[in-house]
Ligand code: PNW
C-alpha cells in the first residue's frame with residue numbers, strides 16, 4: 001500500500017517526559033517534585049514504583065539520541081524538569097540542571113534532530129506544592145520566571161517551545177480525583193488549578209515571545225466526546241457538559257473567546273470562581289503558533305438522571321454516564337478507535353480555525369512480552385495501533401486539517417505514572433534490570449514509515 005503519503009514537509013518524531021525517563025532524581029542539585037512525594041506515598045503508584053532511576057536517560061542520553069538518529073526522527077519532544085532548574089521552584093537557577101539540557105540539545109542538533117521542548121510535564125517542585133501548588137496564583141508567575149530562565153540558556157538553539165503538557169491531567173487528576181500528584185481530591189481545587197495553569201501558560205507565552213522564542217504552543221489531551229445514542233437529546237447534553245469540562249474550558253480561553261458561559265455556570269455550582277481576575281483572559285489568549293494534541297482513545301457518554309459521572313469530571317455525577325470501554329482495548333483498557341482522531345482533528349480545525357496542529361502524543365500500551373532469543377520484540381498490536389492512527393491522521397490532512405507533524409508516545413518504555421513500569425508504551429523496549437534498549441518491531445516499522453514519508 002503506497003497510497004498513503006504525507007505532505008512533503010511533514011515532521012516525524014517521538015516524545016518522552018522528564019520524570020518518566022530521566023532517573024537521577026537527586027543528582028546535580030535537583031530538588032524534589034510532587035511526583036517524588038506522590039510515588040513514595042503508599043498506595044498511590046503500582047507497587048510503589050518511583051522515577052528514581054527510570055530509564056536512566058540522564059546518564060544514557062547520548063546513546064538514546066544515537067538511537068533516535070538511527071530511527072530517522074526529525075524531531076524529539078522532551079520535557080524539562082523544573083526542579084532541576086530551580087530546586088525550590090523560585091529564585092536563582094541551578095546551572096548544573098541546565099547543563100544537562102544543554103548537552104542534550106547539543107547532541108540532538110549534532111544528529112540533525114530538532115529539539116521540541118515541553119516546559120512542564122507534571123513534575124512541580126515540591127516547595128511550590130507546599131504553598132498550594134497550582135491552586136495558588138503565584139505558581140503561575142513562578143512558572144513564567146522559570147520558562148524565561150530555561151529560554152535564556154537554550155533559546156539560541158531551540159526553536160519550538162510548548163508550555164504545559166495536558167493541563168487537564170494536572171488539574172483534574174492531580175487536584176480533582178487525586179489519581180495523580182499531588183493527590184488532592186477537591187473539585188474547587190481542580191478548577192482553581194485549571195485557571196492558574198492557563199494563566200501560567202499565558203504569562204510564560206508572553207514572556208517567551210518577548211524574549212524572541214520562535215514557535216510557541218501548548219499541548220492538550222483533547223477528548224473526542226461522542227454520544228452513546230446519536231438520536232438522544234439527553235446524550236447530547238452529556239456530550240456538551242463533558243466536552244465543556246475537557247475541551248472548551250481550555251480551547252476557548254486559549255483562542256481568545258474567554259471561558260464558555262455554560263462551563264462557567266457549571267463550575268460556579270461547585271466553587272465561586274473569584275480566582276478569575278480582570279485581565280486574566282487576555283493573558284491566557286496570548287497568541288500561539290501551534291496546538292499540540294495528544295490522542296489515545298474516544299470517550300462515549302450518555303445523559304442519565306442519577307448517572308455515576310466520572311471522578312475526573314467534577315459535577316458530572318447525577319447526569320452523566322460514561323460508557324464502559326468496548327471493542328478492542330489497549331492494556332490501559334482504552335478503546336482503540338482511530339476514527340476518533342480524525343473526528344477530533346476536524347472538529348478542532350472547524351471550531352478553532354487558523355491554529356496549526358501537531359500530534360504531540362499518540363500510541364498504546366500493549367503486553368509486548370520480553371525480548372526473544374533473536375533479540376526481537378514482536379509488538380504486532382502496537383504496529384496495528386500506530387498504522388490505524390496514522391491513516392486517521394492522513395485522512396484528516398486530506399480533508400484539509402492543518403496538521404504539521406506526528407510524535408509517537410513513546411520513544412522508550414517508561415514510568416507510566418500511577419501504573420508504574422507495568423505498562424509499556426515504548427517503540428523501544430527497556431530492560432529495567434540492565435537498562436538495555438531493544439527497538440521493537442514497531443520501531444523498525446516506524447523507521448520505514450519515516451523514510452518513505454508514508455505507509
Ligand atoms: C499522557 N487519562 O497521560 C501523558 O502525557 C503521558 O505522560 C503518558 O505517559 C501518556 O499519556 C500515556 O498515559 C495521560 O487518564 C494519563 O485520561 C492519563 C490520562 C490521559 C493521559
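Placement of Cβ uses the backbone N, Cα and C atoms for every residue, glycine included.
As annotated by TrEMBL, substrate binding site applies to 20, 121, 165, 296, 409, 416, 417. Positions annotated as active site, proton donor by TrEMBL: 166. Among the features that TrEMBL reports, active site, nucleophile is placed at 361.
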Between the C-alpha atoms of the residue listed as 'active site, proton donor' and residue 121 (substrate binding site), the distance in angstrom, to the nearest integer, is 8
Largest separation between Cα atoms (Å) of residues that the record links to substrate, namely 20, 121, 165, 296, 409, 416, 417 = 18
Residue 409 (substrate binding site) in three-state DSSP notation | strand
Would you please pick out, from the recorded positions 166, 361, 416, the one with the fewest other Cβ atoms within 10 Å of its Cβ?
-> 416
Pairwise CA distance, residue 416 (substrate binding site) versus residue 361 (active site, nucleophile), rounded so that it is a whole Å | 14
Between the Cα atoms of residue 165 (substrate binding site) and residue 361 (active site, nucleophile), find the distance and write it as a whole number of Å.
-> 10
